[in-house]
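Enquirer: I'd like to ask you about the structure that follows.
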Amino acid sequence: MGTGFHGTTILSIRKDDKVVMIGDGQVTMGNAVVVKSTAQKVKRLSNGKIISGFAGSTADAFTLFERLESKLEAHPGQLLRACVELAKDWRTDKFLRRLEAMMIVADARGTLILNGAGDVIEPEDSVAAIGSGGNYALAAAKALIVHASDLDAFQIAEAAMKIAAKICVFTNENFTVEVIDCASKECS
């Protein structure tokens, strides 16, 4: 992966009336140096109604957050449409095409994965994960959903991320968590 900044794990779980997005805090330069262990890679957008997490270059991710915010302002309450419009720009714009990042975005109604190839993917099983530890977190979360059904969305997300952090050297346990509670006014 060269000497650029990389490495992260973002996981989103949708269970019962909650959507949980969790991300680790590690920023790594190259394959050998941790330059920050408390980065915030999960944030709220659109006046708190949408949660998003990114993997990849931090500067690129902030550019994408800004672009997504403008698409959400142009298409209020339409997460899918805003994401499709962002994906179109991402794929066709000379500058954006060079951005190296992936995002998971979620609102009360759905969860989407966006990537630089212009894909907008709705994950199966209400679980999505990206980043270097994404496959580990995804597998752990799916196993916990099936075999530990008494756990809530937050408990599943936290346990799955702890497993990913033990396996992926680019993921740590300094988690940032955002939750959408669909049983509250937050989803109105």
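Keep in mind that glycine also has a Cβ here, set from the backbone N, Cα and C atoms.
Not measured: the values here are computed from a predicted model.
Okay, so Swiss-Prot annotates it like this:
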| type | residues | note |
| --- | --- | --- |
| ACT_SITE | Thr8 | active site |
| BINDING | Ala165, Cys168, Thr171 | Na(+) binding site |
Enquirer: Return the count of C-beta atoms lying within 10 angstroms of the C-beta of Ala165 (Na(+) binding site), excluding that atom itself.
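Expert: Within a 10 Å radius of the Cβ of Ala165 (Na(+) binding site) lie 21 other Cβ atoms.
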Enquirer: Quick one: Cα separation, Ala165 (Na(+) binding site) versus the residue listed as 'active site', in Å?
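Expert: Roughly 9 Å, rounded to the nearest whole number.
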Enquirer: Return only the integer: C-alpha distance in Å from Thr171 (Na(+) binding site) to Thr8 (active site).
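Expert: The separation of the Cα atoms works out to 5 Å.
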Enquirer: Give the distance between the Cα atoms of Cys168 (Na(+) binding site) and the residue listed as 'active site', rounded to the nearest whole Å.
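Expert: The separation of the Cα atoms works out to 9 Å.
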Enquirer: Across all chains shown, how many C-beta atoms besides its own are within 10 angstroms of the C-beta of Thr8 (active site)?
Expert: 30
Enquirer: Taking DSSP as the reference, which of helix, strand or coil describes Cys168 (Na(+) binding site)?
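Expert: Cys168 (Na(+) binding site) sits in coil per DSSP, no helix or strand.
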Enquirer: Compute the mean position of the Cβ atoms of Ala165, Cys168, Thr171, which form the recorded Na(+) site, and then list in sequence order the other residues of that chain whose Cβ is within 8 Å of it.
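Expert: For the Na(+) site, the extra neighbours are Thr9, Asp24, Gln26, Ser132, Gly133, Tyr136, Ala137, Met161, Ala164, Lys166, Ile167, Val169, Phe170, Asn172, Glu173.
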Enquirer: Reduced to three states, what secondary structure does DSSP give Thr8 (active site)?
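Expert: Going by the DSSP assignment, Thr8 (active site) belongs to neither helix nor strand, so it counts as coil.
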